[in-house]
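These notes concern the structure reproduced below.
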Amino acid sequence: MRIGIMTSGGDCPGLNAVIRGAVLNGIKSYGHEFVGFRDGWRGVKEADFFELQRSAVRGISKQGGTILGTSRTNAFEGEDGGAENIAAMLAKNNIDALIAIGGEGTLAGAQRLCEAGLPIVGVPKTIDNDLDATDYTFGFDTANQIAVEAIDRLRTTGDSHHRCMVAEVMGRHVGWIALHAGMASGAHAILIPEVSTSMDQICQWVNEAHERGRAPLVVVAEGFVPEGMEEAFSVRGLDTFGRARLGGIGEMLAPLLEERTGIETRATVLGHIQRGGVPTAFDRVLATRLGMASVDSVSEGAWGTMVALHGTKVNRIPLRAALNNLKRVPLERYNEASILFG
Ligand code: F6P
């Protein structure tokens, strides 16, 4: 078979390990050939691809980003979009199947194309870890590691100046990075989109830490909304799906905390640093296994499915299972962490 691979949506450490796992398993186990589409659905719609030989994936599992490039292009928009055009493009270029590596938006596009009869399998990807159908997504562990290293640094400067430090991490709809990075770095308050928390409560945690002589540390997910207040949006406007870009909650909280507690406060937005650089060993292994399994799915014609991690096993599940629910932080996980606040 001749198989196309594409990476779409926000990039994520581990994408290259998926590509390598897929290509090596495909060549060694099945004798498949591969092409790589550039920049997600844009490359698919425009037939912008190159031959992915074994040499192209040599040593790439430790590299951040994606050798294929990515974009937030919609598969159904534009004159060249939609199932008919993409099916014709695949047929014209003798491409028998497509492996779509992406988050919720990408997998939703893949699912619609599969319903129209296209031969596609999915690989879930997001640093946010918000896909319900898989226990962990690759990229999440790396994002946490980066966030913890950065927050550890914020602590030493916070300690020196006796300041309250606010670290804003990614997490549009869910607070997994905030929860894990906050717990690992010993935060005095963790604020996540799933749990509406009042300014009074946040100030109480900050004051308690300060009274013990600590420099208070608040870790907040970008999608957090303080009780009774408006969501903070970035000045960068809307993304290509028309969703407001988040970011800014840290800068919004810092002056409020300073005003109410009298403790000098600084905010740092970790932003895209969390998505850059080399993946952790955990993410490399997970991504490699998912890439290898996606080629098994293609070889068995399991169109409309994606690979997912359940416990330590990589399973095959319907794509639509990934799209039904966001994996939110359960309240008991937040309550468990909150015992450590203040
Ligand atoms: O979905 C992953 C994510 O990193 C979110 O946490 C964040 O809101 C968004 O992508 C940022 O997207 P962009 O790269 O388009 O700024």
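Using N, Cα and C of the backbone, Cβ positions are placed for all residues, glycine too.
Site annotation (TrEMBL): ATP is bound by Arg72, Thr73, Gly103, Glu104, Gly105, Thr106, and the candidate from Gly10, Gly14, Gly21, Gly158 recorded at this site is Gly10. Close to ligand 1, meaning a Cβ under 6 Å from one of its atoms, are these of the binding-site residues Glu104, Met170, Arg172: Met170, Arg172. Closest to Gly103 (ATP binding site) by Cα-Cα distance, out of the binding-site residues Thr126, Arg266, Arg275, is Thr126. Checking each of the binding-site residues (Thr126, Asp128, Arg172, Arg266, Ile273) against Glu104 (ATP binding site), the C-alpha distance stays within 10 Å for Thr126.
The ATP site in the record is lined by Gly10, Arg72, Thr73, Gly103, Glu104, Gly105, Thr106, and its two most distant CA atoms lie 13 Å apart. In sequence order, the binding-site residues near Thr126 (substrate binding site) (Cα within 10 Å of its Cα) are Gly10, drawn from Gly10, Thr73, Thr106. Gly10 (ATP binding site) is 13 Å away from Ile273 (substrate binding site) when you measure Cα to Cα. Straight-line distance linking the Cα atoms of Thr106 (ATP binding site) and Asp128 (substrate binding site), rounded to a whole number, equals 15 Å.
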